[in-house]
C-alpha cells in the first residue's frame, strides 16, 4: 500500500513508500534489511557499512521507482559454470562481461566503480539482471554509490546478491577496479594499445605457431569468451616478450623482467622463469589465498592439494588454469602444455593414479583436485557432487544407484548443508541447491530421472574427462545396484 502526500521541497505529489512497520533503528545485522529507500545522487550508507541505516528523514527522498520491483530473491536459470561440449559453450560464451563495456560507453558510467553514483550502481545491477536472466532481484538492497558498494567486502556483498551469481558479480566488480588501478606497461607496446589493460585473465589461448594474447580495448566488441575475457588479437613473439602480465587468479604469470618488483598478486607467489619465443615456461605456484578463502577450498575434502597444484601448474595450459572455465576447456585437445608441441597426456585419472599423496580414505575424485585439473577455480556444484559420490563415508546420504552415472540424494538436506558449508553459505537448503541442478538440465550436464524422487544422472561425457567408467567407480566404491529402484 502506497501513501500519497505533498513533498514541499519540490512542489509535487507522488507515491512514497511508508516506513516498514517494526523496523528498529540501527539494524543489528548488516545486509538484512531490504527496505532501505534509495537516494539518487549520494551514498545512503557509510563506506564501511554493509547496508544503509534506516532514518525517518529518508522517506522525504525523491523516489526512484525501484520500490516497485519485487523483493523476492528467487533466482532462476542462473548461468553457473559447468563442463559441456564446444558447441553448447560457443553459444553460451557470447554473453560476456565485455558487454558491460558497451553499457559504460552508452550510459556514461565511469570506468572506476569507486566513482559510481547510485544511478550507475543501479545500471550495473540492471545489466547483470539482463545478462544472466535473473528474476526477482531486490534492487533496494543495492541503493548505494560505488564507493559504498566496493567497501562492502565479499561476504557482505554475497548476502545482497542473488544465489549462485554473487561470486560472478563480485569478481566483475573486482576486475573493474583492478583494470582501472593497473598502470600501463612502460614499453613500446603501450603506444600500439593506448587504452588496453594487459592481464593474463585475457590470455587464454596459446600456441607456438600462433602465439596470441589479449590487449583488450576498454570498449571492444563482445567475444566468445565468458566472464572477463575479451577478443583475442594475434601478436608477434617479440611483442609478446615486451608485455607485462599480472594474473589475478591462476598460478601463471608472465612478467616484464625490468618491472618484476611492481607486480603483485593477492593469490599466488610466483617463481619467475625465463620466457623465450620458443619456450614459454610457466611459473611455479605456492599455496595462496583467494578472496580471503582457501585457494582450493580443500581443507575438508583433500589435504594434499598443495603438492597436486604445484605439479599440475607445470603441465596445465593458460586456458586450463583460468578461474572461469570455458566449456571447451574440458576437451583434452584444448590443453596445450608449457613445452612446445606437447600436450598433457591422459585424463584426470592419469594425473592422480600414481601419486603417493592420494589417500585411500579420501574421495576418489576430490572436488578441489578436479577443480585444479579443469581450471575452474572455485569448486562448482557438479564437482562437489562427484566428490561426495566417490567418498564411501557419504554413501548414507548420496550414492550411485548402480545404473551408469545415475545417483540418488538419499538425504538431500544433508547434501545441501554440506554444499552450504563448503561455499560458506549457511542458509543453503535443498530448494536452493535444486535450482542449481535445474540449470544443468538445459545444459545437458545433469538430468532428473523421471519417476524417481531425488534421483539424477550425469548425461555429459564424464568418462572422457575423468578417465573412469561408471563401472570402475562402482567397483572401487563397492556400489551395489539399487534393487528398490
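Note: Cβ is positioned from N, Cα and C throughout, glycine not excepted.
The annotation DNA-binding region is assigned in Swiss-Prot to 379-459 on the grounds of sequence analysis. For the DNA-binding region (379-459), the DSSP-based tally of helix, strand and coil residues reads 36 helix, 12 strand, 33 coil.
Swiss-Prot lists 95-180 with the feature domain 'PNT', giving sequence analysis as the kind of evidence. Confidence annotation: the domain 'PNT' (95-180) carries a mean pLDDT of 83 in the model.
Annotation source Swiss-Prot lists region 'Activation domain' at 174-287.
Annotated region 'Helix HI-1' per Swiss-Prot: 348-356, in sequence order.
Among the features that Swiss-Prot reports, region 'Helix HI-2' is placed at 367-374, with the record citing similarity to another entry.
The annotation region 'Helix H4' is assigned in Swiss-Prot to 462-466.
Beyond its flanks by at least six residues, the region 'Helix H5' (470-476) meets 364, 389-390, 400, 402, 404-405, 463 of its own chain at Cβ-Cβ distances under 8 Å. Summarising the annotation, Swiss-Prot assigns region 'Helix H5' to 470-476.
Helix, strand and coil counts under DSSP for the region 'Helix H4' (462-466) come to 5 helix, 0 strand, 0 coil. Residue counts of the region 'Helix H5' (470-476) by helix, strand and coil are 7 helix, 0 strand, 0 coil (DSSP-based).
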